[in-house]
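Q: Here it is, the structure in full.
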Amino acid sequence: MSSPGASMFTNFTKLCKGLALVLVVGHVLVHFVPATVTYLALIPARTIPFGWNLITSGYFELSVYGVVFSTVSLLFMGKFLEPVWGSKEFLKFIFVVNFLTYLCVFVTAIALYYITRLEIYLYMPFAGFHGVLAGLLVGIKQIIPDQEVLLVKIKAKWLPSIMLVLSIASSFFTLNSAAYLPTLIFGTYMGWLYLRYLQRRPETKLRGDPSDDFAFSTFFPELLRPVIEPIASIFHRMLCGRSNATSEDHGYTTSGAPLPGSDSAEASRRRERGARALEERLATERLVPSRNKDELQSDALDSV
């Protein structure tokens, strides 16, 4: 007989199970063959000859705790995101965000070395799936922003911000914060960047999510938004200034404001798909124990 708690740990997608297996196998490999870390992890001083580690570094964890957390988080977040995005787009998101995150980590490490002349930034191994997980949290913020997390009763739209605040705060008390903090920060930003400007929307054949509810300033408290918005607008003009000029194709006016119905309607449809996917998951999890209960009642009547 299944219970509601047990049903939460089922119905994971095949793609997420496969990716979780990759993370587990990657950890087992580096655990039993430590020399593979040199070839798979991002070590900035060796990235030039081993350029593939910009991709491979994200798909294995160096610690047992890391691989357990990454696999569990991937399975649960994938239950909500993959049905909304589709398997192909979900996999594309993971690949692009992982690559861009570690590319930025590489550039940052090189810059820190030239600023500080500390070789630790050149030879520190960077690895782990947490950059992609940070990006997936942004996806949760996008599709179900007002949904409360079951345990902590916090709206999903604040999860990326809370994660970053806690990570930055903990970095003051840990010695190896440089190994994970840049990955989390860049993973969050690259996840938002991809969803904001690059993700293809099949229903409109356009790219990105231009809604005001998904602007970069929404990651910050309202008190700071007047300061953040002018800075964010600079990157907006750099990334999609060309699309603003073609308002007929992209639903924008020349000033960058959305045309009536284009911005809000698309954001509403996206949130509805996310809420519908969540409701279907919850309904499935409730259906399993109810069916088992009916079967038990039927068996009891037959025995009488």
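Glycine is no exception: its Cβ is also placed from the backbone N, Cα and C atoms.
Sharing the feature lines straight out of TrEMBL:
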- 20-42: transmembrane segment (TRANSMEM)
- 62-81: transmembrane segment (TRANSMEM)
- 93-115: transmembrane segment (TRANSMEM)
- 121-144: transmembrane segment (TRANSMEM)
- 156-173: transmembrane segment (TRANSMEM)
- 179-197: transmembrane segment (TRANSMEM)
- 247-304: region 'Disordered' (REGION)
- 266-284: compositional bias 'Basic and acidic residues' (COMPBIAS)
Q: Please check if the transmembrane segment (62-81) comes into contact with the transmembrane segment (121-144), where contact means 3 or more CB pairs closer than 8 Å and the residues in each pair are separated by 6 or more positions.
A: yes
Q: With the transmembrane segment (20-42) as the reference, which stretch in 93-115, 121-144, 156-173, 179-197 has the largest tally of C-beta pairs below 8 Å?
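A: By Cβ pairs under 8 Å, 121-144 leads among 93-115, 121-144, 156-173, 179-197.
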Q: Using a Cβ cut-off under 8 Å, which residues of the same chain at least 6 positions beyond either end of the transmembrane segment (156-173) come close to it?
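A: Sequence-remote neighbours of the transmembrane segment (156-173) are 134, 137-138, 140-141, 144-149, 180-181, 184-185, 188, 191-192, 218-220.
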Q: State the non-local partners of the transmembrane segment (121-144) in its own chain: residues 6+ outside its ends, Cβ under 8 Å from one of its Cβ atoms.
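A: Same-chain residues near the transmembrane segment (121-144) but 6 or more away: 23, 37, 40-45, 57-62, 66, 69-70, 73-74, 77-78, 80-81, 84-85, 93-94, 97-98, 101-102, 105, 109-110, 112-113, 156-160, 163-164, 178-180, 182-188, 190-192, 194-195, 209, 214, 270-271, 273-275, 277-278.
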